[in-house]
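Asker: What follows is a single structure, and I will ask about it in a moment.
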Amino acid sequence: MAAKDVKFGNEARIKMLHGVNVLADAVKVTLGPKGRNVVLDKSFGPPSITKDGVSVAREIELEDKFENMGAQMVKEVASKANDAAGDGTTTATLLAQSIVNEGLKAVAAGMNPMDLKRGIDKAVIDAVDELKKLSVPCADSKAITQVGTISANADEKVGSLIAEAMEKVGNDGVITVEEGTGLQNELEVVKGMQFDRGYLSPYFINQPETGLVELENPYILMVDKKISNIRELLPILEAVAKSSKPLLIISEDLEGEALATLVVNSMRGIVKVAAVKAPGFGDRRKAMLQDISILTGGSVISEELAMDLEKSSLEDLGQAKRVVINKDTTTIIDGNGNKEAIKSRISQIRQEINEATSDYDKEKLNERLAKLSGGVAVLKVGAATEVEMKEKKARVEDALHATRAAVEEGVVPGGGVALVRVAEKISRINGQNEDQNVGIRVALRAMEAPLRQIVANSGEEPSVVTNNVKDGHGNYGYNAATDEYGDMISFGILDPTKVTRSALQYAASVAGLMITTECMVTDLPKDEKSSSELNSAPGNGMGGGMGGMM
């Protein structure tokens, strides 16, 4: 086992504090409308420029291992806030820095660290309750635009694009951010259910000028197995041919004789038909076939349910207003499914999302939810250079996360005002002893830090502005972008409640652990280890006896 370096008490805390401050100072310069950029060097390609707190935090590793431990713990605050709400990483880092700095001063003055932590925790619990009372729902498009604009660093075009996307696909719809090809941001909306499986044969194409398969009011056959024998399909094909409607076949695979016969029938115009593979793999494929069947009002022909493809009828088929297929994707528009059944399926998927443990599973379940509930919107980010593209894309993703958080839990006045008002409301609470009271005051002082930093980044005097804001009431605050005071809601400066709440809770959680740290242990640096091993080597005294040898 490698030798360890151990530091205790004040010596350990000073090292840890230095690491906290290095990381937090790098992150906090990005806060607010007049926050600055941070340039990050990359091992390959051009440097990236960002105003995203968590992107800056992730890049920082310190040489001194004890200092690095402090930095990594604050990095954890930013990451947790980012995972929970998708934004508020800079605010969380700043709150953690303030609590750690003030808390360690109190520890150095002889306060009990555990009581300090209890006081901080009590203040945060009360603050979260007050935040919820202060919160107002974010229901209309205007409020969504304002939240998106603030989070995208005062870029109104991004805010309005996100609001438009949410309007078109619903609050539960999937909105993805991609790199565009032009200079301007664009919004592309795919209505209906789209999955990434194209036609099995180009001979199914019935729109040669566009290279698409378009089926109007088709029947949809869903089969949970591979089809290679045409005999299984004959009863369905005959029934569909009599109805004069087109047919879409979605199956695990379609090959050999079955595929060849379908192609010939389609080209001769006997039955207008197209075939695609079912999306996904394994259990996910079964679930997605079930989604499609509910959306279209049909049944999945599955041998597991003792259903026979040869004995199936038109009643087993789903229907839709339109189906469009290209070489990569299939889009089903306006399925004929029962609305109540679709709602029930959506509720079931939501429940699965709540129970899912892995991010990958959650992402796939959210995609399924969106396909059932409205559609998919793609925000294509435009920029002149690759460096600008990366920076812009990160900002748009932040704005999207912030608007989702706002719709979920509502909004509070932005610009650091919400935490200042909350601190005023809970300023009279008391702990069980004086040390806990000091912990409460540490948390209250930290709640002013975001406002102070926004003001500092805009070049004004933080103490003066903070006192002016405290003299006001309700939504009254300071607009750093225009250097004026007034109603933050009227200014359109809003923060999602979830973002502010998550930032405060995670900052207090990690900072409380750091305040109560008494010992730090790390591996000895390699050069120190090798020299100590060399000095203690068994043959190390041999050189001294060499002088008399001739």
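Using N, Cα and C of the backbone, Cβ positions are placed for all residues, glycine too.
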Asker: Of 343-368, 525-550, which range does Swiss-Prot call region 'Disordered'?
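Answerer: The range carrying the region 'Disordered' annotation in Swiss-Prot is 525-550.
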Asker: With Cβ-Cβ distance below 8 Å and at least 6 positions apart along the chain, what are the contacts of Gly88 (ATP binding site)? List them in sequence order.
Answerer: Ala81, Asn82, Ala402, Asp495, Pro496, Val499, Thr500, Ser502, Ala503
Asker: So, three-state DSSP: helix, strand or coil for Thr90 (ATP binding site)?
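Answerer: Going by the DSSP assignment, Thr90 (ATP binding site) falls within a helical segment, counted as helix.
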Asker: If you count Cβ atoms within 10 Å of the Cβ of Thr30 (ATP binding site), leaving out that atom itself, what do you get?
Answerer: 22
Asker: Reduce the DSSP letter at Thr30 (ATP binding site) to three states and note it down.
Answerer: coil
Asker: Within 10 angstroms of the C-beta of Thr90 (ATP binding site), what count of other C-beta atoms is obtained when all protein chains are considered?
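Answerer: Its Cβ has 28 other Cβ atoms within 10 Å.
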